[in-house]
Amino acid sequence: MTLPRRVLCVITDEHSNPVELARMALQGGAGMVQLRRKTASGQELYEWAIRIQALCSEQQALFIVNDRVDIAMAVHADGVHLGQQDLPASAARALLAPDAIIGVSVSNATEAIKAAEEGASYIGVGHIFPTFSKDKPSEPLGTASIRPIGRAAQLPVIAIGGIGHDNAAEVIRAGASGIAVISAVSDSDDPETATRELVRRIRQ
């Protein structure tokens, strides 16, 4: 399965109804939805995942699950996104369908190369700008990091961290294949319109 160019990945937050957020993001043109809820039970994630997978299928968008390979397998999601402390990409690749999309979060070239060697489909590079989505964020990498890290891995880059309407196009110009956002959509009064505007910015 191939990652679309200039894709917008909307990640569910810790507070919104993930199914409704996914629905509005898809109506706004998101090409990928990632289910992420660190505090949810396996049962909750499974039930949400079934419904979001159906919504994504209707819109011909990709659906990936954060961390939980078992949930991704159970609902036949398009793939998973893994952090540095999660199951290695190679282990996830052995469990999932051969064409599954596997993303790995990285913050430097060493991690990026390792992700590529383990079979990642793309790397999530960040955080690019200051962000409030993490409890104790490190220093932002900046847009200048995108191209070198992507070249080191020879993989598509989805940039994340502090990305919104004002800087989305800049991130794409810096070499990212796409962007991932949380608060830029979830904190909006109109998530559908916020998504549509982000899509317009990264494709202009």
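Cβ atoms here come from the backbone N, Cα and C positions, even for glycine.
Annotated features in Swiss-Prot:
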type	residues	note
BINDING	Gln34, Leu35, Arg36, Arg37, Lys38, Asn66, Ser105, Lys134	4-amino-2-methyl-5-(diphosphooxymethyl)pyrimidine binding site
BINDING	Asp67, Asp86	Mg(2+) binding site
Problem set entry | Under 8 Å by Cβ from Gln34 (4-amino-2-methyl-5-(diphosphooxymethyl)pyrimidine binding site), counting only residues of that chain that are 6 or more apart | Cys9, Val10, Ile11, Thr12, Phe63, Ile64, Val65, Asn66, His81, Ala180
Exercise. DSSP three-state call for Arg36 (4-amino-2-methyl-5-(diphosphooxymethyl)pyrimidine binding site): helix, strand or coil?
Worked result: coil
Exercise. Of all the binding-site residues here, Arg36, Lys38, which one's CB has the most other CB atoms within 10 A?
Worked result: Arg36
For this session: Might you list, by sequence position, any residue in that chain lying six or more from Asp86 (Mg(2+) binding site) with a Cβ less than 8 Å away from its Cβ?
Result: Asp67
Exercise. Which one of the binding-site residues (Leu35, Arg37, Asn66, Asp67, Ser105) has its C-beta surrounded by the most other C-beta atoms within 10 angstroms?
Worked result: Leu35
